[in-house]
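What TrEMBL records for Gly41, Ala42, Gly43, Gln44, Met45, Gly46, Asp65, Glu124, Lys129, Ser151, Asn176, Lys307 is NAD(+) binding site. Sequence annotations record features per position, and here TrEMBL assigns domain '3-hydroxyacyl-CoA dehydrogenase NAD binding' to 37-213. Positions annotated as domain '3-hydroxyacyl-CoA dehydrogenase C-terminal' by TrEMBL: 219-315. Taken from TrEMBL, the feature site 'Important for catalytic activity' applies to His173.
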Amino acid sequence: MSTRILTRLRSVPRIPGLCRSFRVAAPAQNTGGVKQLGVIGAGQMGLGIAFVAALMSKVPVVLYDPSEASISKSLGFLEKLLQKDVAKGKYTQAVADQVVKLIEPTMKFDSIFASDFIIEAVPEIVSLKCEIFGKLAAGAKRDTILSTNTSSISITKIAAAAKGAEDRVVSTHFMNPVPVQKGVEIISGLQTSRETVGRAIEFVKSMGKLPSVSTDNPGFIANRILIPYINEAIICLETGVGQKEDIDNIMKNGCAMPMGPLALADFIGLDTCLAIMNVLYTQTGDTKYRPAVLLQKMVDAGWLGVKSKKGFYDY
């Protein structure tokens, strides 16, 4: 890891709450009134959102994570990503340097409270998300949009935890990997105001994304279709309909999918796939959404896909 990244990491616990050092560049376009973005979670999704916001929307980003190791890993990955993109001629070194300046890591939760738009990108655990939104409602500015990147949990339930700020809670469900995928689902709960939805749409557009609006139903649009497709492929494997390579190859070569369903499951994370299937199954009561037995077994074994180096394939 470079000296520049290490220097910034060492300073993480001492970042001031208002992040006054952020005045690097003014937004180049309509961002829905967002002058500073807060991102909760420095994992793959959180870092991707922070990166694209800094690159495309040109707004300062406060990237919060309680784990120094997670922040270190993310900043190291960011540096490699920027170097790779500069080498390919996607943008100049000056642009890459600007992105680094705009992303400020912190281990202090209250450092994100000054943001105009806050996106939570933590694991799909209902209690964790509700706890976070309760804190955001109490500490963030009174006009801050509070967004979740949840892929399946009810926005209405999350909004109910944000006492006094329920109408400002929305979902901006980014697709993985964030720098590559253009689509973003905008999902409103029963309490979400039209103004909140409108500001969310404007902001994701400023990031170069193409928003699709969904109602608050289990799985929303993307995962209501995608994850059962993956689950069915896993059932085909566990019942001997086909071998993993044959299942993936026919979907790629016969159905024009860019990636086979089993390889895609590994990329998403088998634990995430299982969590979404369980939400679909429990919230709809429909047996067609029953998770594949093999999927549960692999998660129990810790074979989660790319992130654990073993899933349907070895990495």
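Yeah, the Cβs are placed from backbone N, Cα and C, and that goes for glycine too.
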Within the same chain, the residues at least 6 apart in sequence whose Cβ is under 8 angstroms from that of Gly43 (NAD(+) binding site) are Asp65, Ser70, Ser74, Ala121, Val122
Using a Cβ cut-off under 8 Å and a sequence separation of 6 or more, which residues in the same chain sit near Met45 (NAD(+) binding site)? Ala121, Asn149, Phe174, Asn176, Val178
NAD(+) site span - longest C-alpha distance across Gly41, Ala42, Gly43, Gln44, Met45, Gly46, Asp65, Glu124, Lys129, Ser151, Asn176, Lys307, in Å: 22
Helix, strand, coil residue numbers for the domain '3-hydroxyacyl-CoA dehydrogenase C-terminal' (219-315) per DSSP? 65 helix, 3 strand, 29 coil
If you count the other CB atoms within 10 A of the CB of Asp65 (NAD(+) binding site), including all protein chains displayed, you should get 25
Spacing of the two Cα atoms, His173 (site 'Important for catalytic activity') and Lys129 (NAD(+) binding site), in whole angstrom, works out to 14
Mean of the pLDDT scores, which run from 0 to 100, over the domain '3-hydroxyacyl-CoA dehydrogenase C-terminal' (219-315): 96
Sequence-ordered list of residues in the chain of Lys129 (NAD(+) binding site) that lie 6 or more positions away and have a Cβ within less than 8 Å of its Cβ, or none, is Glu120, Val122, Thr148, Thr150, Ile153, Ile158, Ala161
Tell me which residues of the chain lie with their Cβ under 8 angstroms from that of Gly41 (NAD(+) binding site), as long as they are six or more apart in sequence? Tyr64, Asp65, Glu120, Ala121, Val122
For His173 (site 'Important for catalytic activity'), just count the other CB atoms lying within 10 A of its CB, please. 25
Cβ density check for Asn176 (NAD(+) binding site), other Cβ within 10 Å (all protein chains) comes to 17
